[in-house]
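Engineer: First, the structure itself, so that you have it in front of you.
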Amino acid sequence: MESGRATLLKEQQLKDQFDNLEKHTQSGIEFVERYSKFVKERSEIEISYAKQIRNLSKKYQPKKNSREEEENKYTSCRAFLSTLNELNDYAGQHEVIAENLTSQIITELSRYLTELKAERKSHFHDGRKAQQQIESSWKQLESSKRRFERDCKEADRAQQYFERMDADINVTKADVEKARQQAQMRHQIAADSKTEYSNYLTKFNQEQNEHYYTLIPNIFQKLQEMEERRIERVGVSMKTYAEVDREVLPIVGKCLDGMTKAAESIEPKTDSKQVVESYKSGFEPPGDVEFEDYGPGQTIKRTVSETSLSNSRGEAKERPGGGKSKGKLWPFIKNKNKSPKQNKEPLSNRFNEFMASKPKMTCLRSLRRGSRLLSLKLITLNSHVRNLIEGSGPEDFSHLPPEQRRKKLQAKIDDINKDIQKEMDQKDALTKMKGVYEKNPQMGDPASVDPRLVEMSMNIEKLQSEVQKFEGWLAEVEGRLPSRSDPPRRQSGLYESQHSNSTMVDNNCAQDRESSPDGSYTEEQSSETQVKVAIANTPEFDDEFDDGDEETLPTIGTCKAVYSFEGNTPLTGHNEGTISVTEGELLFVIEQDKGDGWTRVRRNEEEEGYVPTSYVEVFLETNAKDS
């Protein structure tokens, strides 16, 4: 009885141990799953970080045909671009980390978890089967034991009954014999139950011994080994987790070294030279201003003042008053050594004297032409400024300073020459193909190549004409650019345009200067004359000269518009001096270009005006050329 209770207690304890092992192994599996989830989230963070780094690098990459791309010639900008490229590679290493974490840890742990769960399930299934087996054997033993106990009690009762019947004299012999047979049968049944119980007991003891000393220890050993392998696998994964980072450290270090090298490659002096080279205009500083002697007995000569723009183009030309004119002065340079000022009369008095002098009609007409051309030059300058602001300009880049214009023209010529070379290479290839077709007609029709060859020839001729056009402009610019041995002179577009008009006014109205009331021509008087020219540009001033005294100019030739020109647009204000022409239009020439870049033309008796000389092809009459 005690043995049975001990067995039941052991079975209960064994069952409790299996429950504990189930909980522990399940906890181990959950730990692996948790660690796998941790690595997965780390991988997602690496992917997200790499994506953000790539987007950051892409965001600050210079756009094509943008200001940032043009600034890549500076070492600092190139260093920043190199840093962005290294940063992009740096982001790639984080992507590598994410990929390795996924392939070497997450995928492996996922597969291992599947195997681990299957193995754990198998071991606990074997344990439960062994427990069921021992419990079944125990139940059989208990059943046989209870049956043997019951049969023994029945045999004892049958024996006692037989003895009572045998001792009773009133019972027949047959009844006694029957009771004896019954007692013997019960004793036989009890003997059989005893044998059966003994067999089950032996069997149970053997199974119990095998259960506790073989099956259960083996199952526990397998569970222990499974747990050890799980822990070992987690350790390997943790080591791999660190190695994944360590593997990319050399490349990350190279990326950082590249960033450091890019930063060390910055050269401030080189960038400064690039800026100077990029914005160098080609202008030369002005020459020295000559001393003007206003003492007694000295001949007064017209010289350049700090506020006048009507000097020559830096060329030493003889003037009637003696001496040479100096080179151009910058209009915004202040001259501290100003000439002695004289008492000046009001501008209105000078203007009245100018009107009362009644100069020749040619002078008035020239004055009016000069005022108009000054207005047109200013309009052209405004157009150039607008083109600079809008990022566009004329085809010949005339809105740029000489040095910048030369660079642009040279770059344009180089681009066109590349296109010509490309067309010529394609033409040579087609010519060879045509030769192959002529030798082997089965490969193709030679005539099918001719249209393309003709088209290429036309393209080449067109590009060559473009090259000649730009080379002409380039030669013109290079001819105007001063060399180091040339005397200092200015070539500002604004300065030259205003200089042309003031020079024309000076030449056409020399009589007015000679007949000034005080016998001298001062610097301020020149300024007053320029103010008169500006006033003459207003409609009221023009009306005073249009009183019918000006006669219609004769036709001196014809011209053909090479390009279209828009006159009388809102951009140019009134623009009384310009006229709109279309490409190919024929017009009459009534006044040649005076060196200011404008030709006066007439469309009909009432419509005339100025057009740019470079926009028309002029055909002068013979007598006009001779004159």
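Note: Cβ is positioned from N, Cα and C throughout, glycine not excepted.
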Engineer: With the ranges 14-41, 182-209, 406-433, 574-601 to choose from, which does TrEMBL describe as coiled coil?
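Structural biologist: Based on what TrEMBL states, coiled coil spans 406-433.
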Engineer: Taking every residue in the domain 'REM-1' (399-476), what is their average pLDDT?
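Structural biologist: 86, rounded to a whole number.
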Engineer: Using DSSP, break the domain 'REM-1' (399-476) down into helix, strand and coil residues and give each count.
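Structural biologist: Taking the domain 'REM-1' (399-476) as a whole: 72 helix, 0 strand, 6 coil.
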